[in-house]
Amino acid sequence: MVCSIIVITLLALGFASNIIGGYLYPQFYDHSCPRAQEIVRNVVAKAVAKEPRMAASLLRLHFHDCFVKGCDASILLDSGGSIISEKKSNPNRNSARGFEVMDEIKAVIEKECPHTVSCADILALAARDSTVLTGGPSWEVPLGRRDSRGASLSCSNNNVPYPNNTFQTILTKFKLQGLDIVDLVALSGSHTIGFARCTRFRERLYNQSGNGKPDNTLDQSYASQLRRNCPRSGGDQNQFFLDFVSPIKFDNSYFKNLMANKGLLNSDQVLFTKNGESRELVKTYAYNQELFFQQFAKSMIKMGNISPLTGYRGEIRQDCRKINA
């Protein structure tokens with residue numbers, strides 16, 4: 001099944017690019033809903049203050065949305081009618097979260113300016129604000145996306161990278177979205193915040209290659225620590241920091257961890273062990289946080305411009321969880 005035809009608008013060049021039926025540009029709501037960005041920022045700030053983990057959750061929602069038929073808020077749709085929710089897919093089931101925060105933002109914005117601001121744009125803004133609130137870089141978010149009228153469970157299962165994918169599979173999934181190896185390494189740096197469950201990396205601790213042995217690219221003292229709360233069986237939902245050094249601070253320690261063979265997920269560690277070009281990028285970002293921040297912002301803009309619905313395509317949902325009647 002072909003999941004999407006990729007149309008990327010590269011606004012990092014400093015101009016709004018024309019795409020089928022419309023434009024994406026940061027000033028899109030300046031007249032129609034001037035307080036939109038302020039509202040998103042305030043609700044996200046409140047949510048992250050209450051639960052620091054929420055920053056990573058909101059960032060991940062945007063990523064998992066964009067990799068499935070573009071950045072169109074399809075991930076927010078609940079099942080109903082002909083729609084089978086992407087929330088049920090393997091990458092999202094029991095792990096995608098932050099939907100209540102999206103509901104709250106949408107409710108406030110609808111009161112301020114009804115039928116104007118898309119859920120897709122709210123997701124893009126919330127991802128940026130989550131990054132900034134945890135100490136990461138800021139960027140101007142191109143706006144003007146519209147919301148999908150459908151979801152794709154199969155594309156969510158097929159397009160979103162898995163923790164146990166090989167390096168080449170992950171890179172291929174990025175390239176299918178119009179992203180390259182630099183984007184892959186920079187965007188993986190978002191794992192400087194957030195958690196992963198035991199089920200996402202258990203095989204690295206006990207049976208990486210089907211031979212009953214642990215992953216030899218994982219630091220053994222770190223592996224011993226992880227085994228305490230991630231046994232061979234049971235404890236599936238136990239949570240672990242993706243970056244144990246500074247788990248709620250957006251910085252470059254994630255890349256330093258990879259250099260020390262202390263990446264939590266296989267999909268993290270392979271960036272350092274399986275490809276020379278990605279290995280050099282990991283080193284570069286480990287030594288130069290400013291460079292990482294600059295590239296992360298560029299790559300987020302690029303990812304946020306995957307196949308947006310604009311003009312008369314899609315709709316502006318009144319409720320992010322369901323299509324308009």
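Glycine is no exception: its Cβ is also placed from the backbone N, Cα and C atoms.
Only one of CYS66, CYS71, CYS113 is recorded by TrEMBL as the disulfide partner of CYS33: CYS113. For HIS191 (heme b binding site) paired with CYS198 (disulfide bond), the C-alpha to C-alpha distance reads 16 Å.
Taking the mean position of the Cβ atoms of ASP65, VAL68, GLY70, ASP72, SER74, GLU86 as the Ca(2+) 1 site, the remaining residues of that chain whose Cβ falls within 8 Å of it are HIS64, CYS66, PHE67, LYS69, CYS71, ALA73, ILE75, SER148, ALA151, SER152, CYS155, SER156. For ARG60 (site 'Transition state stabilizer'), the number of other Cβ atoms no farther than 10 Å from its own Cβ, over all displayed protein chains, is 24. For the pair CYS230 (disulfide bond) and ARG60 (site 'Transition state stabilizer'), the Cα-Cα distance reads 23 Å.
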